[in-house]
Amino acid sequence: MLKVVLLMMIMMLASQSEAQLNRDFYKESCPSLFLVVRRVVKRAVAREPRMGASLLRLFFHDCFVNGCDGSLLLDDTPSFLGEKTSGPSNNSVRGFEVIDKIKFKVEKMCPGIVSCADILAITARDSVLLLGGPGWSVKLGRRDSTTANFAAANSGVIPPPITTLSNLINRFKAQGLSTRDMVALSGAHTIGRAQCVTFRNRIYNASNIDTSFAISKRRNCPATSGSGDNKKANLDVRSPDRFDHGFYKQLLSKKGLLTSDQVLFNNGPTDSLVIAYSHNLNAFYRDFARAMIKMGDISPLTGSNGQIRQNCRRPN
């Protein structure tokens, strides 16, 4: 009985936090916010299309560790270790300088008003749009955490690139996201790149991989650990800089670069979703947008909780 009561209390608190988020949160206090963010992101993505994937990844990593609170952006301080150097994020997340540039411009225009957590949410949406993907209404009103959680970032809440389908399902379920949400959000791998160290085991040892695909990837990813670890390969071979459904088509051909990608189509319960998204771009776009909105609702700080950081890299 106690467990049921506690669960109901958690659900009530979550729904209250979500209710405080809305698209028009800055309509009066910072009306040009969306325009300023879009301009900076557009310039960054035009200069380097891969940056769109990086900015989207920042939002995912932030939300999965203690909620969408901007904690990922914090540098180390004497009192805590930041999340940037945690296992899942070290040498993986990037784009912080783009967020810094947006924050600088927004602070000049609307000082002390817009949170870094909300800037992450908007940049994720704009990055997808600028690379040809779907748009969605970004709910705003998050506040920033005053600390980071290095231990939580290393606790497995962010699934590793070598993982099982059941672990993926469970990790997303723990965040309030369904299996459908997980498969749709995995479609973000239709853009971006991965380092050799994350897919070496798959291209040399996996059985559920297209042989010619594996051989082609081995040319730039030596079998020896420590050799060429940081060399990169596109997650989507055909259209790496366009947000489409090519990722799912690759899975049907056993050409998923990461183990955590190919497990989505490997004679399991998510096969039907992969097939559906590979055939229907609009269905993928619809479910991806819905899942992004749900992900943005993960444990936000609202009301008087947290703060509005003046600099995204450090607490006030």
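Glycine residues also receive a Cβ, built from the backbone N, Cα and C atoms like all the rest.
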Candidates are ASN90, ASN205; I want to know which one Swiss-Prot annotates as N-linked glycosylation site.
ASN205
Could you tell me which of CYS30, CYS196, CYS221, CYS312 is bonded to CYS110 by a disulfide, according to Swiss-Prot?
CYS30
Given that Swiss-Prot lists ASP236, SER239, ASP244 as binding Ca(2+) 2, which residue among THR179, THR190, THR198, THR302 does it place in the same site?
THR190
So what sits near CYS30 (disulfide bond) in its own chain, CB-to-CB under 8 Å and at least six residues off in sequence?
VAL106, MET109, CYS110, ILE113, VAL114
Apart from ASP62, VAL65, GLY67, ASP69, SER71, which residues in this chain have a Cβ no more than 8 Å from the mean position of the Cβ atoms of those residues at the Ca(2+) 1 site?
CYS63, PHE64, ASN66, CYS68, GLY70, LEU72, GLU83, ALA117, SER145, ASN149, SER299
Environment of THR190, ASP236, SER239, ASP244, the listed Ca(2+) 2 site - residues of the same chain whose CB lies within 8 A of the CB centroid:
ILE191, ARG238, PRO240, ARG242, PHE243, HIS245, GLY246, PHE247
Please name which of the recorded positions listed here, CYS68, CYS116, CYS221, SER239, is nearest in space to ASP62 (Ca(2+) 1 binding site), Cα against Cα.
CYS68
Minimum Cα separation from CYS312 (disulfide bond), reported as the residue among recorded positions GLN20, CYS68, ASP69, HIS189, ASP244 that achieves it:
ASP69
For ASN205 (N-linked glycosylation site), the one of HIS61, PRO159, THR190, CYS221 that lies nearest, given that the recorded positions are compared by Cα:
CYS221
Give the number of CB atoms, excluding that of HIS61 (active site, proton acceptor) itself, located within 10 Å of its CB.
21
